[in-house]
Amino acid sequence: MAEPISNPTRINILGKDNIIIDHGIWLNFVAQDLLQNIKSSTYILITDTNLYKTYVPPFQSVFEKAAPQDVRLLTYAIPPGEYSKGRDTKAEIEDWMLSHQCTRDTVIIALGGGVIGDMIGYVAATFMRGVRFVQCPTTLLAMVDSSIGGKTAIDVPMGKNLIGAFWQPERIYIDLTFLNTLPVREFINGMAEVIKTAAIWDENEFTALEENAKAILEAVRSKNKSADRLAPIRDILKRIVLGSARVKAEVVSSDEREGGLRNLLNFGHSIGHAYEAILTPQVLHGEAVAIGMVKEAELARFLGVLRPSAVARLSKCIASYDLPTSLQDKRIVKLTAGKECPVDVLLQKMAVDKKNEGRKKKIVLLSAIGKTYEPKASVVEDRAIRIVLSPCIRVFAGVPKDLNVSVTPPGSKSISNRALILAALGEGTTRIHNLLHSDDTQVMLNAVAQLQGASFSWEEGDVLVVKGNGGKLQATSTPLYLGNAGTASRFLTSVAALCNPSDVNSTVLTGNARMKQRPIGALVDALRANGVGVKYLEKEHSLPVQVDAAGGLAGGVMELAATISSQYVSSLLMAAPYAREPVTLRLVGGKPISQPYIDMTIAMMASFGVQVQRSAEDPNTYYIPQGTYKNPETYVVESDASSATYPLAIAAITGTTCTVPNIGSKSLQGDARFAIEVLRPMGCTVEQTDVSTTVTGPPIGTLKAIPHVDMEPMTDAFLTASVLAAVASGTTQITGIANQRVKECNRILAMKDQLAKFGVHCNELEDGIEVIGIPYTELKNPTEGIYCYDDHRVAMSFSVLSTISPHPVLILERECTGKTWPGWWDTMSNYFKVHLEGEEEPHSSHVSHEKPRKGNPKSIFIIGMRGAGKSTAGKWMSEVLNRPLIDLDHELERREGQTIPEIIRSERGWEGFRKAELELLEDVIKNNPTGHIFSCGGGIVETEAARKMLLSYSQNGGIVLLVHRDTDQVVEYLMRDKSRPAYSENIREVYYRRKPFFEECSNFRYYSPHPDGSKALTEPPFDFSQFLSVICGHSNHLEEVKKKPHSFFVSLTVPNVSKALDIIPKVVVGSDAVELRVDLLEDYDPEFVAKQVALLRSAARIPIVYTVRTVSQGGKFPDDDYELALKLYRTGLQAGVEYLDLEMTMPDEVIEAVTNEKGYTHIIASHHDPKATLSWKNGGWIQYYNKALQHGDVVKLVGVARELADNFALARFKASLAAAHDKPLIALNMGAAGKLSRVLNGFLTPVSHPALPSKAAPGQLSAAEIRQALALIGELEPRSFHLFGNPISASRSPALHNALFRDNGLPHQYSLFETDNAADVKDLIRAPGFGGASVTIPLKLDIMPLLDEVSDAAKVIGAVNTIIPVRNGDKVTLRGDNTDWMGMVYALRNAGVVKCTKESPTAGMVVGAGGTTRAAVHALHDLGFAPIYVVARNADRVKALAESFPAEYDIRSLSTPEEVAAESTAQPSVVISTIPADKPIDQSMREVIVASLRHPSVADGKHVLLEMAYTPRHTPLMQLAEDAHWQTIPGLEVLAAQGWYQFQLWTGITPIYTDAQAAVMGN
């Protein structure tokens, strides 16, 4: 043991030196100090289960050596996390203490983070009316904040820390050594409180935090496994903790009970706690406070007490420690599964803040970094808070009439971004004044820092000090994420080419979804032509791109198309001095766009010491010398002229006066001309000096249109001009703005669409827009709100129009103005006195703008061995997806004009064939990226370049599908096939050589379970359609299951699916999915497992839950074989399973790989605790729930019940989570005592089945048993079902349905209700307990007016035989359907009838023209039969029947044997009889029927007669058919089948058909 520490650092609090700080004091000081100075007979050390093993035993050892014999040390551990900090845990600890006879002299040692300190302090404050305690904080957060000051508390449902006491600890022992083992996220979490303290108290400390961020994060993130990973920042750490602790101690000593000054320590907490109350426990306290600080600083800015630069500085400092600054932070979205924080709920949470005075909310407002507005929290009205918290803002008209204001816009975005690049590339230090503090410039700062181009620091709050590295940049392995910052993307693409290789040889630039649509092709072409390697990683001509670290451009002559963006030109100009020889830059392709911005770049380069010469002969040619930028001592960024158009436009539109004091005629920016060239012609008075611009608008409503204005020199300002033109008298035509289509959005279209919401009509021009103005009093109310496309200029432009709109205007994306003017709404409120209100986004707003379409529209490439079934799979796919199928072998032959054998036999040979094949693949990938299906030749994977193309395609969202079936079958088939070139080597060897190539290139695999030539191959089999629906994203199974009150998956416990095919259809009855327990299979070979999935999908016909359960989680798979586990997970994903069970105990890299590759498979993130180490009563499960919430679409937690009460604890746990998150949760207990939890689980409960060899888990029940139990406890209501009609006394329907209800554990009853009057059942079908009804003659038509809706089939047939009550909450909709035709189709298919194809049309026939005939016609049409002959006595009825169906049904009458003979080429192969069997057949009809049955053409093939009558069971017509050698189906089959379908529609359960059949037949 180390020497005891004799003199650690101490801090005085409340007059005593009770805060003790140093390294190593836990084991070398604390025990001795306690025993000497805080004496007791009983010490209790309380910590959490994570810390216990590491820190408690060594302390016990030290303590026991030093303690007298009559002194005892007790220890207790609780689960970690905020969930434990509640009434239940407090009571548990107190009961335990009482059971150990703890008395008033007890001293409690709270070892842990804020949760332990807060709660154990409260236990100490209340146990026996108060016992002594000491704090031993182990987290940075607790060291600098929660352990100091005596605030103790627990959380309650209304919020954090609402029940507690002030109870000062006797000592606070801060051992900095604890921080060595603190997880990275927890350390960063604590930095939020450190930043908070500096922000309110000490700017010097804040500056130190800014400067040390990189060093601190590097140390904290160090992979160094030694005990002292934080050694490099040992002194910094002590300074940070000492500094924060001293501030807190000083404040607490002045204001122990939080009368005023101590409020200041709550900066960031008023809003932060509200976020935390909603997002806990997934978001940590410091993370919530970090977002809260930004929001509260924005609030101070809105109220006019804090400068925008201070907000930006605070936000940047927080972000530099990897803390979130908004709810949109990707980590927050992932941690909380995108949980929303409604503003009303936040305000409700804030209403119970302890600082408040009654209903007045109090918030700490900053006035500068290191200083607060008042020495206490300030009262702030709800309206202001709501604006800052809301995603949208409503603008009310009403600028004061005589307003005359001076507004200074933020620094120019264009100049700011150029200045950052030039300063970073320059040598020396420069101070940049008035830099724009915005999202875009932040992106640029972060990127330049990432490339090690420069170091940055801040002076006086808003002066940026840049120390450039003279162009010495390093490539980075972390992609530069640029969001939607277009300027940054263009400038940095060239800058990335200046980088030197580091541990990587290239840099990736990427951005958000919109950025990936914006063009960058012309710039990339110019760089490539100059020797820089640039690769597109997704879409051609857009980000993401990978730029080689070329160490600079080659130089010489460069050509660039500059008609789309002047930023391409500026990008190359700024990088050119670092080329290996001087650059001549020629702009080609027409007149360059936005010439003033090119001039701006050249003028700024001169300020940084590089002179660009413009050619006298060709003004579009520039000469750039080699050189290094020399940074000026200071550089002042002009205000943004584009942004200045908005305040000036408000003056113009409202008839008031506004001055922009620092933009005039000598501005570098083209948009400075806006006032002179746009506002003056519109009727404004404009005064412009060299450096300032003043605009006074004409009387409101009198702006004049400008017939034509060319805005090419100031394209960004066209949006401002457009909203003014909207209320000007006449039509305004704006041209020269073509580049605005490829900005943050298509701005021209955006203007047109959003102005239309005001009733203003616009016409798009080739390079502009025409706006037809209307009087402002006639502006319509844009009720859905104005969608801003995440475009700052759209938002600000429409805020201008809103200032005179007769209706308040909702602008949907308030925060997007942060890109160039973060304080724009503050400016509107404080300068223009515009009334604003914050609002949530309305639910309807999504209708008016794009949302991603469900499903994957990308083209599909099918690969696989010749003979594996690619062509067949392609045909199925084409039919299911309704996409064209192109066989690339056939397409190659078509393009080449030769067959493949001919190409191979020619001089081109195999090499020439493979080259042509590769070129074709490249062509179709490029030119047919969506909506197609391509079947590739088997050998395409032999070419490495083709493999790379296919692999790249699959990795970028495309589908490459490997089709395979039993290898022996493939080989046998190829031995027979003589139609294609023979293999020159053994077929099996070819397959095994290609197999790894197939697997490498494909991201999905279909293993066909269908033997060659099986009947299923004539149409897409069910298993293939199901597979396709998953991989293409069309399956909505999870959404459907979520709507059910009770759903199940049955756990299959068989070692080989092929040996259980006979029981699987029975086993899956009543379940919504079937679980394949991969860990229980006899072989873990991925190919064997893929075959098991295929066989199961084919046999079960329901979605698959794919599970690899490890030994420690209650399964059989080895715990530590992570490599094989990942292979098996990938096998499941490639097989397109609907659900994959992913254990949260797997290593993070396995979890990340599976979640990244999941496609449209839903992840069930699971944790099982078969050894019962966790309890539902405390927070033990929360860490697993939090992790599952991040990675799963469904969360599954399975514990063990030792007694019935454990199920009630589980129920309470589930209820608390359900209130916080809507992610589906499976949570239950194993064991006999846990059966109740299975009954009550509700969502996808795992079940067994009596036919299975074993249960997958102890205590598992069948679905039928659970339904029986639910009925017994009143959770499953008994419902009444009926048959309506007359006569019905002999019906077999009650026998059918009551048998199926009984077999499936349902408490329902089916009975007869005999009537021939529909009115008799009107009340019955609306009764609460009505479950559904069958309808027969004579009510099939009469019942329809009593229903709310009718299925399409029932409409066509004109009859309803089934009533289904569709329940949606309390609302019940009665839906009518017809299952007669479904029963007919099923009976025919069961008899072997297959669907007709367009290639081989077949006729069908219906006998009779009564009510059932229509269903028979529809059934035959559904099976593809055409023409459909009808044989009946009354030709007029047949004619009327034919006319009532759509023409494509092709219904024809047959009335004589001669007509039968005349139709010799289209004789029916299927006949459905709908005539009664208890009367003789009409003679004329009999002759026609016999002629058809005995026609010579029917000697070949399958011929089936379906008899609809079932009394008698064997009818005369059946005898006629059998005499002619036709197969016959008795009427009871259809009765059974239509009833079987009715049962499915009512219950959602698909029983075994033979069970329904047996009930009908009376077996």
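Placed from the backbone N, Cα and C atoms, the Cβ positions cover glycine too.
Given the structure is predicted, the values throughout are model-derived calculations rather than measurements.
According to Swiss-Prot, the protein has these features:
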REGION    1-382  region '3-dehydroquinate synthase'
BINDING   48-50, 82-85, 113-115, Asp118, 138-139, Lys160, 178-181, Asn189  NAD(+) binding site
BINDING   Arg129, Asp145, Lys151, Asn161, 193-196, Lys248, 262-266, His269, His285, Lys354  7-phospho-2-dehydro-3-deoxy-D-arabino-heptonate binding site
ACT_SITE  Glu258  active site, proton acceptor
ACT_SITE  His273  active site, proton acceptor
REGION    395-834  region 'EPSP synthase'
ACT_SITE  Cys816  active site, for EPSP synthase activity
BINDING   Gly864, Met865, Arg866, Gly867, Ala868, Gly869, Lys870, Ser871  ATP binding site
ACT_SITE  His1168  active site, proton acceptor
ACT_SITE  Lys1196  active site, schiff-base intermediate with substrate
REGION    1278-1563  region 'Shikimate dehydrogenase'
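Secondary structure at His285 (7-phospho-2-dehydro-3-deoxy-D-arabino-heptonate binding site), taken from DSSP and collapsed to helix, strand or coil, is helix. The Cβ neighbour count for Arg262 (7-phospho-2-dehydro-3-deoxy-D-arabino-heptonate binding site), using a 10 Å radius over every protein chain in view, is 21.
Under the DSSP three-state reduction, Asn189 (NAD(+) binding site) is assigned to helix. Residue pair Asn161 (7-phospho-2-dehydro-3-deoxy-D-arabino-heptonate binding site) / Gly869 (ATP binding site) shows a Cα separation of 65 Å. Taking Lys1196 (active site, schiff-base intermediate with substrate) as the reference point, the recorded positions whose C-alpha atoms are within 10 Å of its C-alpha, out of Lys85, Val115, Arg262, Gly864, Gly867, His1168, are His1168. In space, Val115 is the closest of the binding-site residues Val115, Leu179, Gly864 to Glu258 (active site, proton acceptor), judged by Cα positions. Taking a C-beta cut-off of under 8 Å and a sequence gap of six or more, Asp48 (NAD(+) binding site) has these contacts in its own chain: Ala77, Ile78, Pro79, Pro80, Gly81, Ser84, Gly112, Val115, Ile116. Comparing CA positions across the recorded positions Arg129, Leu179, Asn189, Cys816, the one lying closest to Met865 (ATP binding site) turns out to be Cys816. A coil conformation is recorded for Arg866 (ATP binding site) in the three-state DSSP classification, outside any helix or strand. On its own chain, His285 (7-phospho-2-dehydro-3-deoxy-D-arabino-heptonate binding site) has Glu82, Gly114, Leu141, Asn189, Ala192, Gly272, Glu276 as residues at least 6 apart in sequence with a Cβ closer than 8 Å to its own Cβ. Just so you know, of the recorded positions Arg129, His273, the Cβ with the fewest other Cβ atoms around it within 10 Å is the one at Arg129. When pLDDT is averaged over the region 'Shikimate dehydrogenase' (1278-1563), the result is 92. Leu265 (7-phospho-2-dehydro-3-deoxy-D-arabino-heptonate binding site) sits 23 Å from Leu179 (NAD(+) binding site), taking the Cα positions as reference.
Shown are the recorded positions Leu179, Cys816, Ala868; the one with the most C-beta atoms within 10 angstroms of its own C-beta is Ala868.
Put simply, His1168 is the one of the recorded positions Lys85, Arg129, Leu179, Arg262, His1168 whose Cα lies nearest to the Cα of Ser871 (ATP binding site).
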